[in-house]
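Engineer: Here it is, the structure in full.
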Amino acid sequence: MNECYYDKRMDFFYNRSNTDTAEGWTGTSLVIVLCFGTFFCLFIFFSNSLVIAAVIKNRKFHFPFYYLLANLAAADFFAGIAYVFLMFNTGPVSKTLTVNRWFLRQGLLDTSLTASLTNLLVIAVERHMSIMRMRIHSNLTKKRVTLLILFVWGIAIFMGAVPTLGWNCLCDISTCSSLAPIYSRSYLIFWTVSNLVAFFIMVVVYLRIYMYVKRKTNVLSPHTSGSITRRRTPMKLMKTVMTVLGAFVVCWTPGLVALLLDGLNCTQCGVQHVKRWFLLLALLNSIMNPIIYSYKDEDMYSTMKKMICCFSQERNPERRLSSLPSTILSRSDTSSQCKEDSISQGTVCNKSSS
């Protein structure tokens, strides 16, 4: 019977797998990493919160597609939490972690990736339902959308917890991987292959939907009544989703390929030297998505801009007061003067003087 190592700290597994834990991350280099990481995570929190608030605030976004888009922003927000936890539990600190804390660190990252991936799959289903009927939005009820969102997070949490539930190498350390020292190589192969296959399926599905929408729009446009904007809206939504999907695939595929090579026990592939860069690339995805939403969707951009302006005006009441038209201020001054005169003289101001 194999011996299990649940009570060991991570230094035991890192030393055994010869994993580089960035011992040199001290002093200036550590401060720079923490500063940049903090800035990017704060931007992720702020921008994705803004997207969610925009969907709630603007009635134009009260449709299934935008609810799912807000859920994708929630997944990016969760990714920010995962990166913050990783930032303070990586480098030299990694070797001091307990097994359960390391599982939590990696589980948060796995959950955020699965949430984004599953959400994009659900958006593909929603777009297919609407496009096949040549509608801007599908007829999914709020109850069904809520169930889909719960389904997304249920799958994400389960996939993030699978190694903790038993698919690990704590009782068979000969099968441990290098990049993830307590993940078994068989799990890494399963997880990366399933994600890469899902990427491929999504790209094919979205391309088919995009081509269908483009063909139908070109055929029906000369014969369809209604504004040009309304006819182009399905294509605009598809372009937004495809841009998000493209960024997602580009940012996550290199890291998944590195994990797959590690799962295949490719000792000559040098995955240790590129793992941090691929992780930063994955972080970049959560930063890019809110920028894509605002750039591709004019309504989203204007709503987010108004919310930022309102927030800044509430924080600076003097600036808000100075932005009022001079006519209103002069009218207010005249009214005040009139009241003072009427009090001193015992008369009432008429409308012409106010």
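If you go along the chain as it appears here, the first residue is 1 and each next one adds 1.
Using N, Cα and C of the backbone, Cβ positions are placed for all residues, glycine too.
Feature annotation from TrEMBL assigns compositional bias 'Polar residues' to 323-354. Under the heading domain 'G-protein coupled receptors family 1 profile', TrEMBL lists 47-293. The region 'Disordered' feature in TrEMBL is assigned to 321-354. The annotation transmembrane segment is assigned in TrEMBL to 30-53, 65-88, 108-125, 145-167, 187-207, 240-261, 277-295.
I'm curious about the neighbourhood of these features; can you describe it?
Structural biologist: Mean model confidence for the domain 'G-protein coupled receptors family 1 profile' (47-293) is a pLDDT of 85.
Distant neighbours of the transmembrane segment (30-53): 69-70, 73-74, 76-77, 79-80, 83-84, 87, 91, 283, 286-287, 289-291, 293, 300, 304, 307-308; these residues of the same chain sit at least 6 beyond its ends, with a Cβ under 8 Å from one of its Cβ atoms.
Residues 64, 67-68, 71, 75, 100, 103, 106-112, 114-115, 118-119, 122, 182-184, 186-187, 191 of the same chain, all 6+ positions outside the transmembrane segment (145-167), place their C-beta atoms under 8 angstroms from a C-beta of that stretch.
Same-chain residues lying 6+ beyond the ends of the transmembrane segment (187-207) with a Cβ under 8 Å from its Cβ atoms: 110, 113, 117, 120-121, 124, 127-128, 159, 162-163, 167-168, 177, 179-180, 238, 241-242, 245, 249, 252-253, 256-257, 259-260, 262-264.
The list of residues near the transmembrane segment (240-261) in space but at least 6 beyond its ends in sequence, with Cβ under 8 angstroms from a Cβ of it, reads 72, 113, 116-117, 120, 123-124, 127, 177, 179-180, 188-189, 191-193, 195-196, 199, 202-203, 206, 210, 269, 271, 274-275, 278-279, 281-282, 284-285, 288-289, 292-293, 296-297.
Tertiary proximity for the transmembrane segment (277-295) is limited to same-chain residues at least six positions away from its ends with a CB under 8 Å from its CB atoms, namely 40, 43-44, 47-48, 50-51, 69, 72-73, 76, 79-80, 83, 113, 116, 240, 243-244, 247-248, 251-252, 254-255, 258, 301, 304.
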